[in-house]
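Student: My questions all concern the structure below.
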């Protein structure tokens, strides 16, 4: 009986040892799995600010905390200027100013859209919070005040300070483009508007009159923008309006009556440019017919009309008008706060005012410099919009002193520097010209464009993406004819266009006069190649026509003409190496202006 307790306790000890052995084996197995699955422990991250949850509405922490919510912009001012270089020749300063202004306008639109989305999100969160914290009896007793306020007012003395939680507002900067006709003012605005895919409209300020008088009201520019946006108010409020010929509404001295086309129009444009809400009445097109109107076409033999006078469109419109145009009684409320206004004008005579202001008393006995008067020919005024002065001279320092922007000085700078007097325009000059101070203050950015010289006109003919030479070559190619201009012919075309004084628009006039007879003879004939040489551009000989199979002769004629022209230009360049340069002083500029006709 003495061995019984020992016999009973031995199985318990064995069972305990077996349990401890199994526990140690499980622990070592679990540790091995954990070490293979991850080399980190949860305790290693207790002091780190990162968590395993993500809140979409909360601020982003880490290295991207200060990054823009919109990401890297796809359009930059440099990209916009590079795009303008494909369409506009020269005008580097104006391209930079316009690219920056349009880019900032694009950024303002994006920021306003982001703020609007954030406010909408916060409003939705507030509504959900009020629904969750609301009392069940609030539905039965609406407007009942809570017995215990959740947020009791502070017991401080005095009225609490006024808090304004409105977001930061980015104001727009309207632009004023100054320069003679045909230098690319409206072309740059159209090109940038096409890149941004925003509605764009152009309005001529010449027919604008004050409200209540015969003519167009100033609000018609916003109405055209709304029509360009297909009557989408949200898209129209982010568009661009170009007011061309704004110098034509300058204040005029009227002997009797009221100036309804000058200062009255400027007063009407004040609120529109600064920002207001306009009620635009949608007007139906006069040419639009009703759904049941009969077709008005008659049988014809035209290949473009499909057998009817009005074409296929007349038949379809007669069967039923399915256009979604606005009704006659529909009214739209358009805000102009975010609409960018680009004002352009030639401002003939403003150059004279600027020169009189900055150069008064700089020559002789206090005599101011006189530019060509406004009564002189516009062609002479367009050719003399730039002044060449000696680099480092007193005249050059005076110009640099009045320039509104910084210019870099390079060691290898040319001995003559060209300046555009319109770059020195100040608001006082615009007021002297006839613009009211309120309108001048609403257009803070200005950029001057220079007249195109002969070299620039040659580049306009060949370099842009839709250059005039490419257009005529494509036009002749449609008839199976190959058209080529020699380098000498391009120079002669540019010279003839400069004599017209209409800028780049004169190039098409010269080309039309030169190619009218060829465009009449070539289609449907045996002519395959047309060559325009220098003598042809001078209207001394007829264009050279070649038939099919004469491509080798065509190429040889082009090469011979270009070689002859290059040799002649090199000879003239060597002869003029030590020749006369440009104007080096204000006195020479005054003498030239006097010879042109200014006093």
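Every residue number used here counts from 1 along the chain in the order it is shown.
Note that Cβ sites are derived from N, Cα and C of the backbone, with glycine treated the same way.
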Student: Given the ranges 231-280, 281-330, 431-480, which one is assigned the annotation region 'Disordered' in TrEMBL?
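Tutor: Of the candidate stretches, TrEMBL labels 281-330 as region 'Disordered'.
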Student: Have a look at 23-42, 43-62, 63-82 and point to the one annotated region 'Disordered' in TrEMBL.
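Tutor: Among 23-42, 43-62, 63-82, the range TrEMBL annotates as region 'Disordered' is 43-62.
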Student: With TrEMBL as the source, identify the stretch among 85-104, 105-124, 125-144, 145-164 annotated region 'Disordered'.
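Tutor: Residues 145-164 are the ones TrEMBL records as region 'Disordered'.
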Student: I'd like the per-state residue tally for the domain 'Clp ATPase C-terminal' (452-546) from DSSP, helix first, then strand, then coil.
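Tutor: Here the numbers are 54 helix, 13 strand, 28 coil.
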